[in-house]
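> Take this structure, written in structure tokens, and hold onto it; I'll ask about it next.
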């Protein structure tokens, strides 16, 4: 199976399965000289990890990361950084009854047809459990970007189902289990999740990511445009079904006179483009949105087929998120950080800045 690596200079390769022994990643291209410890990674891992809220999956993983290589006396050496997280709370028996069935909305069918074999325990490699290593790698990128350029990457839940959550404050984002910036919406979100858990259903969500203080010049025309790489990275997250950059799909209803970001000697008058022009960052904040589909693993009975192509009913047991978008906030931040880190190093290599 290919496709486990992202980046050209700052390269992140992940490995491991949902119910395997461990998850891991190798990071190549990390510059030397950054002070780094596992504590730097643990903050974001704790934000993502399961079992921390009654509104997410109750699988209880500590997600304690171990740095295997690339750091000496608390400082990066420039060599490959190896990271590993042990899986502690697998419950593979939850999947024994459906091991020969294809779960609707999951990768079971496509993995089986392509590879002829699949790990049915929690989806194996296709599980969002894999994203723990992305968050770990992204934490390293976030720290380096902030120190070197002042870049700050933050995200929040901007919608869950038909509940819109307009931005209010970054402080509020870390004060509730939904990563919602609007405290007036938290009760509605709680009630929605309670209702979904009672009915055994799930719901989709929208995450907004903002990267501040990004310098002018990140991105490479034509096929390595910054917006293309960001979209690629965000769409690689499990359950992601759409990405918007800047005004996104609302540009369909705009006129050119409305959409163009006019310039003055003091800077841009607007930011409809979301901080990227011609595939290159323009110095404005980068605005992105990601849409996540509802969790496919639900307790409601549904129709599917088995390995013999026979029609069967399926009810999925186990511990699953009623809304995967909640824990996607630190994952989305990590993917944006990995892309910006890669483009920072590429920018330096080409432009010597």
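In case you wondered, yes, glycine gets a Cβ from its N, Cα and C as well.
Here's the feature list from Swiss-Prot:
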BINDING   48, 54  NADP(+) binding site
BINDING   125, 126, 127, 238, 239, 278, 293, 294, 295, 296, 297, 319  FMN binding site
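For the listed features, I'd like the structural context: burial, neighbours, distances.
Within 10 Å of the C-beta atom of residue 48 (NADP(+) binding site) sit 25 other C-beta atoms, taking all shown protein chains into account. Under the DSSP three-state reduction, residue 48 (NADP(+) binding site) is assigned to helix.
When Cβ atoms from all protein chains are considered, those within 10 Å of residue 293 (FMN binding site) total 17, not counting its own.
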> What is the Cβ neighbour count of residue 239 (FMN binding site) at a 10 Å cut-off, with all protein chains included?
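Result for residue 239 (FMN binding site): 21 other Cβ atoms within 10 Å.
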> Reported as an integer number of Å, what is the Cα distance between residue 293 (FMN binding site) and residue 48 (NADP(+) binding site)?
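Residue 293 (FMN binding site) to residue 48 (NADP(+) binding site), Cα-Cα distance: 18 Å.
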